[in-house]
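Written below as structure tokens is the structure these notes are about.
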Amino acid sequence: MLGLGYIGRKLFGTPNDRKVKRTRPLVAKINALEPAFEKLSDAEIVAKTRELQARAQAGESLDALLVEAFANCREAARRALGLRAFDTQLMGGIFLHQGNIAEMKTGEGKTLVATFPAYLNALAGKGVHIVTVNDYLARRDSEWMGKVYRHLGLTCGVVYPFQPDDEKRAAYGADITYATNNELGFDYLRDNMKSSVAEMYQRDHFFAIVDEVDSILIDEARTPLIISGPSQDRSDMYRTLDAYIPFLTEEHYKLDEKQRNATFTEEGNEFLEQKLQADGLLPEGQSLYDPESTTIVHHIGQALRAHKLFFKDQNYVVTDDEIVLIDEFTGRMMKGRRLSDGLHQAIEAKERVTIQPENVTLASVTFQNYFRLYEKLAGMTGTAVTEAEEFGDIYKLGVVEVPTNRPVARKDEHDRVYRTAKEKYAAVIEAIKTAHEKGQPTLVGTTSIEKSEMLSEMLKAEGLPHNVLNARQHEQEAQIVADAGRLGAITIATNMAGRGTDIQLGGNVEMKVQEEIAANPEAAPEEIRARIEAEHAAEKQKVIEAGGLFVLATERHESRRIDNQLRGRSGRQGDPGRSLFFLSLEDDLMRIFGSDRLEGVLSKLGMKEGEAIIHPWVNKSLERAQAKVEGRNFDWRKQLLKFDDVMNDQRKAVFGQRREIMETDEISEIVADMRQQVIDDLIDDFAPPKSYVDQWDIEGMRAAFIDHAGVDLPLADWAAEEGVDQDVLRERVTAALDAVMAQKTEAFGAETMRVIEKQILLQTIDAKWREHLVTLEHLRSVVGFRGYAQRDPLSEYKTESFQLFESMLDSLRYEVTKRLGQIRPMSDEERAEMLRQQAAALAAAEGAADPAEAPAPQPAAQVALAAAPGFVESDPTTWGEPSRNDPCPCGSGEKFKHCHGRLA
């Protein structure tokens, strides 16, 4: 009997069907304009862009311009690339412009789709960011689609790591900018560590289109981007504690593989206490439970996790004396990414490579909070529907399935479940051999480098030629993927998410043409292309007859979405194909999430060795397990976001205030307000309201103003006068400190004083924010234990982090007032002595034979900072944070960025 839901869908259609239906009239209007736009000259296409820009900037809505803009963009793409967008691609572009996630299957041309909403929104003049998962794709897409934008009269830039500053600023200043999610996030953090607006890279966050949006906004959501600096070196401690792990037995610890956590049992704690005390690392009578043991407990716990939960060639690789993490979702190496809390150092100790010092966080942001900065956000992926709830809850993004241009002809078969991994891999080899013999290309999906290389050895033993694509071979990635659809090809790959290159049946024509032209520069390119296209057509037909691409997965992933991405590599643009998952009860997902019931069923069925169970019930059971894991991960991310939102509000407040300070010339007013609050606080502390004069702590107040403002005030004389109360005292102190600052301003000059105030203010904000981040990290690590006392950890975190934030602001006011109180102009004698020392240092550096030139006179702002207590010219740690364009504090006369700043 048919359910009511099924009948309702047949009668009224699904919500997705209705969304698609609403775009059809717009697509029809765009198609109706096509003949007129085909007649335009190239110059007229650019003129159309200028007209649309003028209308957008005059206030006409982008929705009103959509039809003409899409028609213009389609014609430009046809001329620049020889590609005419399908109606389904126009639909995808419309959904993106409306701020949705467009789910488009592999091979449907997502790269071209993004040009339509990017062009339309760029007309507003605020810049559009197109976000990719790696630098290769950012460069490739900007170069490829840049031809379309230039044909339309717009500029296109690409952002990449270690790019020169001027080039990066120009890329962000372009109408459309391609960049990776990592680089965008790091540049946002770097911008908020700059000392002037002119040095910043990014404009306002207007509109971003995120490719592989599920990978970036869900898989990477829990990963914070952190800019950090080194802390003290503890490498000896990591090595020492690592040596204890091999002595542990299973009774000494408990593992939680679901949450990647490890804890010591009572037996384990007793064993470690005895060993550590015997070796002198733990004093006699001191327990691991004592507060003094916190550091040892933390680091030996991380050593346990490193050995028991993180595995070489699965979670990381060892290369060039370094531990490089592997992205569990894409199989790519993540160079430069490090685990926090000493875990990375514990893995380095385990693998006997050089241990890098732990880092202190200077600035951080999560992708969840970075991408929520944009006025409008959209995304593209082949698999989003399973995560629609999360996209809606966290990012307020709807998910729309865009129809394929041609119906999907891939056959998705039921999973085959074997009892043991040995039986499973034997069946996998047989299936690969059968497909290879009939010429069907096979893509074999594995979950780790270790398993991909084990399977490779098994295929070698059978004499089957194949390619392996994992984190070790990522340089040959494009070539391996391009060949994966050729007749009889066998390709073993770790997770294929975000690979960015389509597997085309018969091979990639364009790549083959470019290779041949490069190898035979004297041959006619047209002849090479014609020959290769003919060869490709013949090979493609044979592959189609063999059944198209066979996707063979050797394990299910925790996420259904990753499995669907792998399936989606087959059956692109209506091609035939087949997908099949081979599983065993020893697989991680089955083992961790309960294969006991299935084991019982298999036993009752009396299965023999090598036999598999194939039934829709098995698929449903596994998908339920995956849905449970996805739900748990979603809950984690949601909870983490609630905590991060607390810090995010504070981050936005600090970064916003910092930006205002960089943009304003009225610094003295901000500084005066801070000084006044310090005065009010100190007077309230030492001369409380409604107290008598003889109750005031005059000497304490005098010492406090000397310490915090650098001024010795005649407070005792003022207090002895008739009629002096707290208000009178406040007025006199304020007038005295204002007068001192006025004298300094006159001595330095108003412009120089403004520079000094701005530098001190920005440096102090940065230093205090860094300290605050460390404090919040510590609070975050311990607040979870409040749950044992029946208190809500999130509520406690909100309350205490707000108190810490207020305390940081108080400390900021005191520090700025104190540093400004300490600066003074140099006397002529001091200045002459400083110049003499600089000249001597230069002479020593350049050699006695070369007479040293007298160094260039330093700006007063630098002289003032040099005069501050604690400043040592030869010690960069006492220089504070000079602006990159300031003269270097070492006295070389060079700009900081060309001297010591270049080494930083």
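Using N, Cα and C of the backbone, Cβ positions are placed for all residues, glycine too.
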Legend entry - Matching range for Swiss-Prot feature annotation, region 'Disordered', among 557-577, 872-892: 872-892
Legend entry - Co-listed ATP-binding residue [Swiss-Prot; alongside Q89, G107, E108, G109, K110, T111] among D415, D483, D502, D587: D502
Legend entry - Other same-chain residues whose Cβ falls within 8 Å of the Cβ centroid of Q89, G107, E108, G109, K110, T111, D502, the recorded ATP site, in sequence order: M104, T106, L112, V113
Legend entry - Span of the ATP site, taken as the largest CA to CA distance across Q89, G107, E108, G109, K110, T111, D502 (Å, rounded to a whole number): 17
Inset, instruction - Find, among the binding-site residues listed as E108, D502, the one whose Cβ has the highest number of other Cβ atoms within 10 Å in the structure shown. - result: E108
Inset, instruction - Tell me the Cβ neighbour count for K110 (ATP binding site), meaning other Cβ atoms within 10 Å of its Cβ, over all protein chains shown. - result: 23
Legend entry - Intrachain C-beta neighbours of T111 (ATP binding site), sequence separation six or more, cut-off 8 angstroms: D141, W144, M145, D211
Legend entry - Secondary structure at D502 (ATP binding site), reduced by DSSP to three states: coil
Legend entry - Which of G107, G109, the listed binding-site residues, has fewest other Cβ atoms within 10 Å: G109
